[in-house]
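Student: One structure follows; several queries about it will come next.
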Amino acid sequence: CTVMISTYNADSKKIRHYPANSCLLPLCSLYGLAVTTVEGVGSTTTKLHPIQQRLAKCHGSQCGFCTPGMVMSMYSLLRNHPEPSMEQITAALDGKPAFSLSLFGSLCKPEEFHPRDPTQDYIFPPELMVSDQSSINISFSCLRSSSKWHNINMYNTKGQLRALPHSPISQNIKAENPTISFFQLHLCLHVQTDQKMPDVLDILLSLVPELPAEKTKIYRTLLKQLRTLAGEQIRSLASLGGHIVSRGSVWDLNPVLAAGNAVLNLASIDGTRQIPLNDEFLTKVPEADLSPMEVIVSVFIPFSKEDEFISAFRQAERRKNALSVTNSSMKVLFQPGTDVIEDLAIFYGGISDTTVSARNSCLKLKGRNWNDQFLDEACRLILEEVVVSPSAPGGKVEYRRSLLVSFFFRFYLEVLHSLKMMYPFQYPDLPKEYMSALSEFQEKPPQGMQIYQDVNPHQLPQDPVGRPIMHESGIKHTTGEAVYVDDIAPADGQLYMAVVTSTRAHAKILSIDTSNALEEPGVVAVVMACDIPGENGDADEKVFAEDEVIYIGDIICGIVAETYECARNARSKVKIEYQDLELILTIEEAIEHNSFLSKEKKIEKGNVEDAFETVDKILEGEIHVGGQEHFYLETNSIFVIPRKEDKQMDLYVSTQDASNAQELVASVLDVPANRITCHTRRVGGAFGGKGLKTSYFVAAAAVAAHKTGCPVRFILERDDDMRITGGRHPLWGKYKVGFMTDGKIKAVDLEFYVNGGCTLDESELVIEYVLLKCPNAYDIQNFRCRGRACKTNLHSNTSLRGFGFAQAGLSAETWIAAVADYLYLPHDEVREMNMYKNVTETPYKEEIDPTNLVVCWEECLEKSDYYKRRQAAEEFNKQNYWKKKGIAIIPMKFSVGYNETFYHQAFALVHIYLDGSVLVSHGGCEMGQGLYTKMLQVASHELKIPLSYIHNYERTTATIPNAIVTSGSIDWSNRYFPCYPTNMDWEKGEGHAFPYFVFAAACSEVEIDCLTGDHENIRTDIVMDASFSINPAIDIGQIEGGFIQGLGLYTMEELKFSPEGELYTLGPDTYKIPAVCDVPEHFRVYLLPNSRNPIAIYSSRGMGEAGVFLGSSVFFAIRDAVAAARKERGLNRNFTLNSPLNVERIRMVCADRFTEMVKTFPYKNPSSSILVLFNFSGIYIFTRLGTYYPAMPGLFEKGLVCVWMLGNISVVICHAMS
């Protein structure tokens, strides 16, 4: 939704362009500004802009849903900077999802592109330059509500503040002073608070080089924080004043301004005054706050002093476009020429509702010398004074407390280093190994390399098979002309639907009162289970909940209205009464209550028990792998149009399984399937999440259309989509491994449980895949695995790219690592020793030829310079205590397809017209995986006609009935030939479960920051056996995108639920997927040459899902770095890391003096106001307790808040206590 906002500055006579999220901008706020959308950049009917041409031809789009945003971000950059640097280009893409990465690679040739033509750009509207728009007072009123918007120039012609309207909007009025932007005094910088963040950035960038370095310390600190503040689109139109006055706890600039003694200039109709931007202002103490009718006009930022030092720190789940977990700014002023503290200021954000100050600690530390004794006392005082609430949003209490002292330690070292630079003969050098604590990771533009085998030189030039053909919709992706469901024009009489979902995870429905909702203006109907003429869903799941709800998000009814806003607002008017039932949320609870979705399944090879008797050593352990949200950019989208005759209905759906949607709607409406036609032109990302569950959304909309007789549009908002739909299954795995002292593994016994959620969905298939794929690439002669899918009261988890193997593969590499650690052997040596080497059988007795697995492994070792870089990493680790590098190489045996033959069947309908043109219809859905492009290539090759003669028709059940779901990495182009016979007998635990295997190896190198848990992805090399690739560009894009999605699964993405089963991580502000800043600095993909797959069309292989697991190479590279840190600290080498391996887990497992301080210095309750009720043998006692210890990480989600200590008595405080 990115657009370009253009403004004209009457003083400088310059036009400035900003990228902005249109969904966050009230239209009224754009009065006097120019707006350019992607349609204004270029189109297929006019002329493509070079950005659009390059992005499409360089394979920079996949599903295309986010591509217009990429285009607009780069276009805005080019309008401001016609010749941008690579750093500026990377910054312009801050926070953008990294699903497609070939833009940074070598799959395009620059000489193929036309240069930029400035005459193609729209000019800024002259009428907006003639008059001063900011001097106009204008008001807007909303036709459908009582809302009003006022744009007010708050200054009269004499520069005096006007009286503000007496209305609720007074606190949100935008201050306009067009005559002054900023000016410099002798002692400070004066910045107008209506300055946009990019303008503030420009001011600081221009000012810093002109002033002596000692005066600009605070400005350089502000610059550092500005570069990571939000994303480019949000930062572009955010104002400094808005940032200051909103005083969010995680706002990064306020602590810096407070530490720098900034002063706020306020104005009202009564006059002007100044207040300090200090801790009292930030905590909203009334005496230090704005009065109701005051506005912030400007902020004075003093120059720094010679003996003054200021720094700022932040740590987030993702380096760019993410709110801080904790941020801080610290300043110290020394008595001239000494290290005696004259003044000290310490501010923290992200640990409370507001920014807090360690004021008392600073007062106690004044007059102290800046030395090690001071450091220890300062850390103790900070930990005692600054309280992190056990119920802080996002949890991570122990981690946040560790950051309090980790940040201060870094500040302490920075100041020591600066003192040494200023007075080289007065202070000793910092220990060399501590120097690494001073530096923070610097973003570098990613560089890609893609190597593949070209087609035979004798192949005809017009034959496209094997060539990197551009995505068939690539140009339309970049111009915004690609039509998705919500782009379909409104139909006559169209209505909108929003759903009312359960607020209880497990409860009986006692009553549903919709009368108030029906009285709302614009509401047409409420649909629920009683309105369904046929079946309410199927045996697995209901369309509308009737008597019982089984998870938070269970759909109870739908509100149908004339506008979506009306439908959404009316949801709160529906009154539902519940009676709570027993709640099961976790795998452990499900096991305890014997709550399962399927029977236990098992695979066994050899004699495991006998083998355990003969091995040298047995290790046992477990691993937890968290879930993952699909986070497709296009949420579930449905548009249903009832026809006027024969009960026919057209369904326009963003789905992977059009036939299933058709079948379910026909059953729900009690009509034959031939009356229901499902259409899917393209899907804006799916990853497995738009299969079964989407069909229930379609059915709900179809019931609404049936009841009202009108077309119904049902587009889920992001929060609803995440709340209602499930994702990747969390897994709990237990292992028992028997091995010899040389590292050879003789026996493995595994037990797995996955959290399936409230209904079966794909959970049985997932646990089957976990068992079938859990050995990964390792040939274990005595092997046993068992598994079950647990039934809980969470949303129903489903398939997600690489499902089953992504979790089970990580488990395999964990027990391999455990063996290597125990024996003090290199991990790569133990992996190679136990890999498949010769033709043999899998544990389920399917033959496997691992020749190319070995080749991939050896090629990856060579191309990555693994041994040389391994040695370099070890040398780096010897010289750096607070930064550590790690490197890991991981083999992969990925099983493609399904273990039942019917999943591999498909067919196509080809129309050949008299003019020679061809229309191709088939049962596959285009989701960004390039299926339609490959189908065009296959048709062109087989019919021996140019690509331009062929057109892909939309996926529709009218032409292709009963098609199988598009998923599982099986290319539909592969289905053009006879299907693959597969089978699996679970009674015997054997079968020919998969058509073929995909082999690969990946090597990744990282660097971690032991003080914060942050990490940097330095380099990744992937060698993949794609055999003969039908389209190398598409296949490499799938490998890269899959790898990045795996990177998110294993290192970043985390789902958090409340003890009541409510999903906390709803939306992009709390759930972080990888962005461009997370792409490895060097990312190289090699397709193995001279490889063939005789059972597939043109000897190709499916690449859609295999890349996900390769992201685990980053996980184990981080583990390698952590092991180096733990070894140096004298900690146990045998440890288990769970997934996701995020900043919190990395920091806390790199235990050191500061994490020990967190345990040593518990909280002191400053007010001693908490009353606790004890029950001793029926005697109830109230008491006050002043010291408590926070819950260990991970326990907060299970309900544990803290443990109170009173002498020898421990009291556990849980959420359930009243």
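Cβ atoms here come from the backbone N, Cα and C positions, even for glycine.
Per TrEMBL, the feature active site, proton acceptor maps to GLU1105. For CYS1, CYS23, the entry in TrEMBL reads [2Fe-2S] cluster 1 binding site. Under the heading [2Fe-2S] cluster 2 binding site, TrEMBL lists CYS63, CYS66. According to TrEMBL, the feature FAD binding site maps to ASP252, ARG314. Residues or ranges marked as Mo-molybdopterin binding site by TrEMBL: GLN656, PHE687, ARG801, GLY968. According to TrEMBL, the feature substrate binding site maps to PHE803. Sequence annotations record features per position, and here TrEMBL assigns domain 'FAD-binding PCMH-type' to 116-306.
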Student: Which binding-site residues (CYS1, CYS63, PHE687, ARG801, PHE803) fall within 10 Å of GLU1105 (active site, proton acceptor) by Cα distance?
Tutor: PHE687, ARG801, PHE803
Student: Just to be sure I understand the packing, how many Cβ atoms besides its own are within 10 Å of the Cβ of PHE687 (Mo-molybdopterin binding site)?
Tutor: 31
Student: Going by C-alpha distance, which of the binding-site residues CYS1, PHE687, ARG801 is nearest to ARG314 (FAD binding site)?
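Tutor: Smallest Cα separation from ARG314 (FAD binding site) among CYS1, PHE687, ARG801: CYS1.
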Student: CYS23, CYS63, CYS66: which of these binding-site residues has the sparsest Cβ neighbourhood within 10 Å?
Tutor: CYS23
Student: Determine, using Cα-Cα distances only, which of these binding-site residues is closest to ASP252 (FAD binding site): CYS63, CYS66, GLN656, ARG801, PHE803.
Tutor: CYS66
Student: Between the Cα atoms of CYS66 ([2Fe-2S] cluster 2 binding site) and GLN656 (Mo-molybdopterin binding site), find the distance and write it as a whole number of Å.
Tutor: 19
Student: Hey, how far is PHE687 (Mo-molybdopterin binding site) from CYS63 ([2Fe-2S] cluster 2 binding site), Cα to Cα, in Å?
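Tutor: A Cα-Cα distance of 11 Å.
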Student: Tell me the Cβ neighbour count for GLU1105 (active site, proton acceptor), meaning other Cβ atoms within 10 Å of its Cβ, over all protein chains shown.
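Tutor: Its Cβ has 27 other Cβ atoms within 10 Å.
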Student: Between C-alpha atoms, which of these binding-site residues comes nearest to the residue listed as 'substrate binding site': CYS1, CYS23, CYS63, GLN656?
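Tutor: That would be GLN656, the closest of CYS1, CYS23, CYS63, GLN656 to the residue listed as 'substrate binding site'.
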